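Working notes, beginning with the structure itself.
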Amino acid sequence: MNVDAPSRTSSATTRGGFRPSRRQALLGWIYATPTAVFVVALFLVPLLLVIKMSLSRWPLLSGDQGPNAPDNFTKAIDHRFFTDSVVFTIKYTVIATVLLLLLGLGMALLVQESSRWNNLLRASFLVPSALGLASASLLFYVLYSPYASPFAPVMESLGITFLGSPNAALFSTVFLIVWRYAGFYMVLMLVGLQSIPADVFEAARSDGATRWQTFRSITLPLLRPTLALTTVLCVTGSLLAFEQFYILTKGGPDNSTITVVQLIYMIAFQGQNDLGVAAALSVIVLAALVLINALQLRAFRSEEN
Amino acid sequence: MTVDSSPTSAAVAGSPRRPPRMPSGPGRQRGLTIAGVAFRTPYWVFTGAVAVVFLFPLVWTAVASVSPQAGTNQVTGWGFGNYATLADYQAGIWRYLANSAFVSLLTVALTLLISFLGGYAFARFRFPGRNLLFLLTLAILMVPYATLLIPLYVLLNEVGLQNSLVGVALVLTMFQLPFSTFLMRISFEAVPRELDEAAMVDGCSSFSALWRVLVPAVKPGLITVGLFAFLAAWNDFMAPLILINDSERMTLPLAVSNLRGQVQGVVDYGATEAGVVVLALPCIVLFLLLQRHYVRGFMSGALKG
């Protein structure tokens with residue numbers, strides 16, 4: 001810090017009455033105005049608009065608009081991919097969340113101690129999370145191709161392809177996501193582990209607890225807030241999956257990997273071009289996410305008591 | 001630096017804080033005794049193998065991108081043919097790089113400016129509506145990106161910013177606000193009030209106190225905010241995919257992803273690899289330079305949820 005702050009003013013005098021509160025309020029609003037403009041114009045207005053759109057006829061290219069509730073919602077639910085995409089998205093979310101949290105915690109425990117080797121490991125686990133999801137997906141698109149992949153000869157001799165069958169496509173995508181995000185969850189777990197006081201572990205050791213006992217009855221319970229947070233993050237992120245499937249599988253094979261967000265995109269911009277129905281599906285996703293987050297937070301809180 | 005020494009900042013880069021000690025395990029063996037090495041070797045081999053799994057896709061892509069045999073799994077010889085193909089693709093890579101740079105830098109500038117002023121207002125001033133505005137800013141997190149893109153498309157169309165890189169930057173800035181405003185507010189709150197109040201008593205206007213005293217004091221926060229705004233904008237796929245339909249105005253991730261499957265069945269794997277390298281290079285360089293800020297960003301990113 002290269003500023004010499006004179007120490008003669010005490011905060012008591014300034015806080016007491018140096019700055020009149022009206023001036024304070026005015027200045028506060030001046031500094032907060034850009035935030036307010038962005039929040040209103042690009043968040044609140046679109047939020048209200050998506051609800052209005054979901055209740056109106058709204059073709060992509062200009063056409064007649066007008067209320068048609070609840071047609072958009074019934075059309076969205078009746079869409080031939082609706083049920084499949086919901087089921088697939090939930091399936092993907094469960095698999096990705098379980099794997100990411102287990103691996104994130106496992107990796108954090110592996111490299112928990114600070115040493116030069118562990119710092120190197122942490123960095124190499126974390127590098128993939130510097131990449132964008134789209135870049136990572138493109139990278140794996142090549143890595144999974146039958147032509148350019150270094151694994152192609154092995155896969156060919158085994159008679160399988162990375163993206164050829166619905167299950168292979170799902171797990172190949174999950175692997176990409178684990179590669180991209182495991183380091184991120186490792187960092188969150190590491191910080192959670194660091195917040196556990198060292199004396200607790202020492203007490204357990206002097207009581208003769210085994211490593212497994214210590215992990216089960218000390219580490220896991222004290223890590224609960226971190227686990228709650230990471231679960232919510234992971235579930236929310238996975239339910240909104242788009243790029244990884246849009247780039248890697250394009251929804252295939254046989255439309256088996258279409259996620260809900262991908263369906264919104266398809267309805268709005270490919271084929272149907274019906275923004276009203278896409279908005280209705282957006283509103284459904286939004287409501288579901290808010291509900292799921294509230295339920296998750298509540299579940300974790302009540303377990304704590 | 002008050003902000004810098006927060007416990008979260010050092011989780012990865014050689015922590016000055018005492019790591020929690022496990023009752024037993026590889027970490028406890030200090031010094032290279034024969035028994036210690038024998039005990040640690042399996043640990044080194046295992047964790048090293050995991051690190052290789054994380055690094056292999058990046059290294060292989062970088063090597064394959066300079067191999068002349070594009071689209072095969074033979075990586076022999078070297079040459080920049082893939083990069084030449086990429087450079088000549090459609091409007092040309094320089095065009096797409098310029099588009100991406102423009103969107104990223106505009107997003108960084110807007111995010112820094114707005115969250116700096118907003119964070120200052122929230123941390124230092126009491127004004128009517130302050131808590132409501134802060135909560136609304138954080139609420140952006142509850143309403144994910146994907147569900148607002150349909151109304152944002154309509155709104156930006158309405159004001160003539162659809163198919164415009166400025167429109168993309170505005171949307172990206174809005175979605176950075178919860179993280180950046182939250183982080184700047186904490187950064188300002190960690191700076192003692194006496195510092196800027198003293199400057200004002202000494203005759204600085206509130207604005208010049210902000211500029212000359214507080215900018216240096218919250219620099220680590222600004223770096224983290226700028227880093228994450230840059231990465232979010234550089235890597236974003238969905239906003240340009242939906243908002244841009246002119247191929248002249250595509251950003252780099254969009255252009256690279258179009259390399260696969262423009263013509264039915266023809267994918268230029270080599271050029272895709274080159275594109276991934278161009279996309280990933282700035283991210284990895286920033287990661288290596290700013291590791292510490294990465295962890296801070298992850299932490300504030302997680303805290304806000």
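Using N, Cα and C of the backbone, Cβ positions are placed for all residues, glycine too.
Keep in mind that TrEMBL annotations are predicted by a computer and have not been checked by a curator.
These come from TrEMBL:
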type	residues	note
DOMAIN	B:97-290	domain 'ABC transmembrane type-1'
REGION	B:1-29	region 'Disordered'
TRANSMEM	B:43-63	transmembrane segment
TRANSMEM	B:96-120	transmembrane segment
TRANSMEM	B:132-154	transmembrane segment
TRANSMEM	B:166-188	transmembrane segment
TRANSMEM	B:209-234	transmembrane segment
TRANSMEM	B:269-290	transmembrane segment
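The stretch from B:96-120, B:166-188, B:209-234, B:269-290 with the most CB pairs below 8 A to the transmembrane segment (B:43-63) is B:269-290. Tertiary neighbourhood of the transmembrane segment (B:209-234): same-chain residues 1-4, 9, 100, 103-108, 111-112, 115-116, 119-120, 169, 172-173, 175-176, 179-180, 183-184, 186-188, 191, 195-196, 199-200, 252, 279, 282-283, 286, 290, 293-294, 296-297, 300-301, selected by CB-CB distance under 8 Å and a gap of 6+ residues from either end. Under 8 Å from some Cβ of the transmembrane segment (B:132-154) lie the Cβ atoms of residues 118, 122, 162, 171, 174-175, 177-178, 181-182, 185, 238-239, 242-243, 304-305, all in the same chain and six or more residues away from its ends.
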